[in-house]
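Report on one structure; see the data block that follows.
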Amino acid sequence: MNRVYNFSAGPSMLPIEVLEKASKEMTNYNNTGMSVMEMSHRSAAYQDIIDTAEKTLREIMNIPDNYKVLFLQGGASTQFAMIPLNLLTGSKKADYVNTGAWSKKAIAEAKKYGEVNVVASSEDKTFTYIPELDKETFTKDADYFHITSNNTIYGTKFNELPDVGDVPIVADMSSNILSEEVDVNKYGVIYAGAQKNMGPAGVTVVIIREDLIGDPQDITPTMLKYKTHSDKGSMFNTPPTYSIYVAGMVFEWIKELGGIGAIQKRNEEKAKLIYDYLDSSKLFKGTVAQKDRSLMNIPFVLPTDELNAEFIKEAADRGMVNLKGHRTVGGMRASIYNAMPLEGVKKLVDFMKEFEENNK
Ligand SMILES: *Cc1c(COP(=O)(O)O)cnc(C)c1O
């Protein structure tokens, strides 16, 4: 069977060039006579892999020297607890914006360790927009301000950061890290599970300003302290070695394509193809407020459940898979992360046109 265009929200497509390189190196990495999977994380060969991955990530994201890059386990979901445990140490208050299921999980977890102020929510309209933020409602002495920068399930993203003064912004960037340029200086912490835009599941990248690492709550387990991992270069215990190796190749792939600016252009072009068609179609409908549209996850619906099901089935027959929307939104969702080629998006839009023509 040929490779398909995989529109999954995550784990999702990886660049074919990276998969082919991994496959070539599968049984014998760089004349070590072994797979990266079989390699001691304390070996010189592996140290070079993790160092190079970090260096390349720093380069493509332009990460300043006063930020640490950590390669952790436990997914973004573990960060929902690590963030409050490590950062709720001053006023023990934090502000959160509720823009969907992932925000809600982050909020529920933070409530166990301090006082959470939900400053805005878009739950009234099934999270189809990013709510207006009013500075007056922010907690002046909050330890941090949390956002989910891209909402994977609903297809919204923050295009503007809130004006929080000196309060550090913490962003769950799981589904849009590396998709567009960001100024890391504007954040206290950026975290993301790898399996959407960086590599295989198993590694979680945390980019954290050094002054936020120091002083976790007393109850914090050793493995959940940023300091534990930061002091040991993400090698306190065995890191997810193979996932880091593949992520490193993805960072390299981005660098060779011209960096994140170049990727962003590609992503904007890909998303525009779908959004322009949705805006002109009489049959398909986008579900998100135009100003808040994500570049990565694009939900859309047909007038009936029968048509949705028919579209998903026919698309799969044509080699376009995992287009079913999240159960809370229904319809379809096309996740078009960095690794989705332009041809995949063109093929999807061509099929949407054909489907509309046949269902007038
Ligand atoms: C997928 C996702 C998560 C959950 O990530 P895990 O790595 O599975 O814990 C959290 N936040 C966002 C925005 C996501 O897209």
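Just so you know, glycine gets a Cβ as well, placed from its N, Cα and C.
TrEMBL labels come from automatic prediction, so no person has curated them.
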Query: So TrEMBL lists Ala76, Ser77, Trp102, Thr152, Asp172, Asn237, Thr238 for pyridoxal 5'-phosphate; which of Gln195, Gln217 goes with them?
result: Gln195
Message: Suppose you look only at the domain 'Aminotransferase class V' (4-348); what would the mean pLDDT be?
response: 98
- request: For Ala76 (pyridoxal 5'-phosphate binding site), list the number of other Cβ atoms lying within 10 Å of its Cβ atom.
  value: 23
Message: Taking ligand 1 as the reference and 6 angstroms as the Cβ limit (strictly under), which binding-site residues among Arg42, Trp102, Asp172, Thr238 are close?
response: Trp102, Asp172
Query: Over all shown protein chains, what is the count of other CB atoms within 10 A of the CB belonging to Trp102 (pyridoxal 5'-phosphate binding site)?
result: 21
